[in-house]
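Trainee: In case it's useful when we look at the structure, here is the feature table from Swiss-Prot:
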type	residues	note
ACT_SITE	C405	active site
DOMAIN	657-836	domain 'MOSC'
MOD_RES	K241	N6-(pyridoxal phosphate)lysine
Amino acid sequence: MVGVTSCEEEILEYGRGYSEDVDTIREREYPQLKDTTYLDHAGTTLYAKSLIESFSRELTSNLFGNPHSLSTSSQLSTQRVDDVRLRALRFFKADPEEFDLVFVANATAAIKLVADGMRDSTRQGFWYGYHVDAHTSLVGVRELAEKGGRCFTSDDEVEDWISRLCDVRSESLKLFAYPAQSNMNGRRLPFSWCKKIRDQGETTGGNVYTLLDAASLVSTSPLDLSDASAAPDFTVLSFYKIFGFPDLGALIVRKSAGQIFEHRRYFGGGTVDMVLTRGLQWHAKKQSSIHDRLEDGTLPFHNIIALDSAFATHERLFGSMQNISSHTRFLAKRLYDRLNALRHFNGQRVCELYKSPRSDYNQPSTQGPIIAFNLRNSQGSWIGKSEVERLAATKNIQIRSGSLCNPGGTSGSLGWTGADLLQQFSAGLRCGDDHDVMDGRPTGVLRLSLGPMTNLEDINTFVELVEEFYVEKAATVDSLVAPVHSVPLQQPRFYIESLSLYPIKSCGPFKVPDGRRWEIRREGLAWDREWCLIHQGTGAALNQKKYPRMALIRPSIDLDRNVLRVTCGEPGSTDQKLLEVSLLRENTELATTSLCQRTSKASTVCGDQVTVQAYTSPPVAQFFSDFLGVPCTLARFPPHSSTRYASPRKAPGAWKQYLRKFVMPGSFPQDPSPPPAEKHPILLSNESPILLISRSSVNYLNENIKANQKKIRTGTSKAVAADVFRANIVVAESLADSPKMEQPYIEDQWEALKIGPGELRFDVLGSCQRCSMVCIDQFTGVRRDEPFSTLAKTRKINNKIVFGRHCSLSASEVTQDQHDNAERWTLMVGDIVIPSYAHDYTL
């Protein structure tokens, strides 16, 4: 018999035990994965098509009533709930004589249920200890522990604490919680701690309980509770992490630990045998089972019935959790090894991988199929997690970034102390923001997590993304700045090709007609981003990244009639809708609808809390809500109340700083100390009063797009219009004599501008960092992968993708009386633009 190599043995694990080939299962059961690479199974895995079909048949073939009744339909629901509860226990090999299962919303709800039980079980309160790798929901229990607690920062600390339990006899109730698997990096913690704690705790009165967060583990690994003496007292999990659907969680309780809930104060419908409300305030709790006492109110019985279909579908497709464990272990090892092997041209590692030294991707007992990492460039500088996630999204690759609701694991891996993080919080760092690197360190990580239906193509697709966009093949800066021809500048050389304002934030542009001078204010072009659309539920401003159809909302300013005219739909379509709103703030006599009343409302715009005036007229809300399919209404920035300012920018020589890394020392003179930063007021713009781009730069970018003919997934090499950059000013060059002498990206060296016959002065604040919104076609609302893909390769400064320049009126202009300079404070298509260059820049 021919021997089998270790490599061959590994690949045999790929899909072993599945009903069919992985790709065949994906094509039939997971149509939502078409043209998509999904690598966020730790967040939730995906539901199978046949699961939804099976559940649909259940609902349409049976009548399920509220379980709290004696009707036939209600009893059917009760019977099915009981059956599914037993099936769930057996899935985890939990003996129903030893364990009970309580249905809850999710793992967090189960944790809170245990915490409430511990709090109410004794007047003296309880002590709480948790492992540093705990999910945020486990950390939160500490706020209920009146006896204090401890965060164990290592396994050794836990082992030492366990060994000392028998030395200290205490009546205090104690709870120790930890994750079976870190949701950050997939490291698996010792299951044996539960038995060790129980054995040690029995010598002190058995008052130490264990809580195991199994939510991350059970998504790809079996959980074996067959030995009740070694099992946790409380195990929490979420079924959607295993099956994708239904959205349901569970608390598995060792019955011997059930007395913790005896004194739980709250009771809900269905958990009591009798309640007195008049006179004597008394109630009798149900005693038949633990779940009867804890499942408050009507159970989500439809979801529980769906869980039955989920169990059956999962077993039919994948056979067992052990099969899934082997499959994902093989893929995770391959992905880890490939990322770990990536190097830049100079040998610098591309990936900083955050794997515990205690774990091994070859050992399922120590490591799950999760990989946490960050990227570095060839100089060792960090690449922002947000940029990587945005680029991945343009390629239809779904990943996760941030602190991952794992504050201890993330901060420990990144080297942040509590004092450090408090300081960064004061500096503006918040969960979910794009402060990717602060004080030279990443603030979060990138996470890839695998699931039952992950295949080899998913692994290859992500690694190829990193290789194409982040692995530097050679030391060159040719792609950073386009070549500039060494010819004397013949002034005037630049002029305004087009002027655009965006009256409604994130909607289409209004292009200023040729020959018309347009007012400029400190906040930018008159009427620019003075309105926005806000969600009627949350108050958050809508944007094209979430709602690409906003590009098809076309506002225009009619100064003759003093109205904002809005049309919806593709240009030239016959079914366009029309709305008109008065430009006059107090005028309610509108052409097609009434302004009615406005109400002040707090809204979130680019992370800022902004007070806007929302239009309460139902026709206004209906106009936008019907078109976008989201409940929203129009809102306006209040007059004379700008509390928003342009973001602080790097000095105009930022490109020069970047280039210094590649040229001889002394090539550039030392920069003078920067002047104090000025504040530039804005309305609802993202970052600055005015955004400027160059036609020459757009042309050069399109040349690069066309040159890169390799089409990745659904992307194309089609040229992009300047409109995708949503600039206020497009500057072009006068090239009548020398059409081939364009100077793309020359604007990177501009530090100031004079525009128009009155030479109105502008300051250049810095480069515009770009996001995936530039991939939305402004004429169709269709999302593509360009130009972001090409920009990611050719336009990076300090690891940020940039295109265009932020500008504002010069401070010397705003000190003058605007009324005395009304004509000067205007711009027009065709106005001459005279740039001033950084002091050390020469052609």
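Cβ atoms here come from the backbone N, Cα and C positions, even for glycine.
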Trainee: So, in DSSP terms, is K241 (N6-(pyridoxal phosphate)lysine) helix, strand, or coil?
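Mentor: DSSP assigns K241 (N6-(pyridoxal phosphate)lysine) to helix.
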Trainee: At a 10 Å cut-off from the C-beta of the residue listed as 'N6-(pyridoxal phosphate)lysine', count the other C-beta atoms across all protein chains.
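Mentor: A 10 Å sphere around the Cβ of the residue listed as 'N6-(pyridoxal phosphate)lysine' contains 25 other Cβ atoms.
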Trainee: Sequence gap of 6 or more, C-beta under 8 Å: which same-chain residues meet both conditions with respect to C405 (active site)?
Mentor: H135, T136, S137, N183
Trainee: Looking only at the domain 'MOSC' (657-836), what is the model's average confidence as pLDDT?
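Mentor: Value for the domain 'MOSC' (657-836), mean pLDDT as a whole number: 80.
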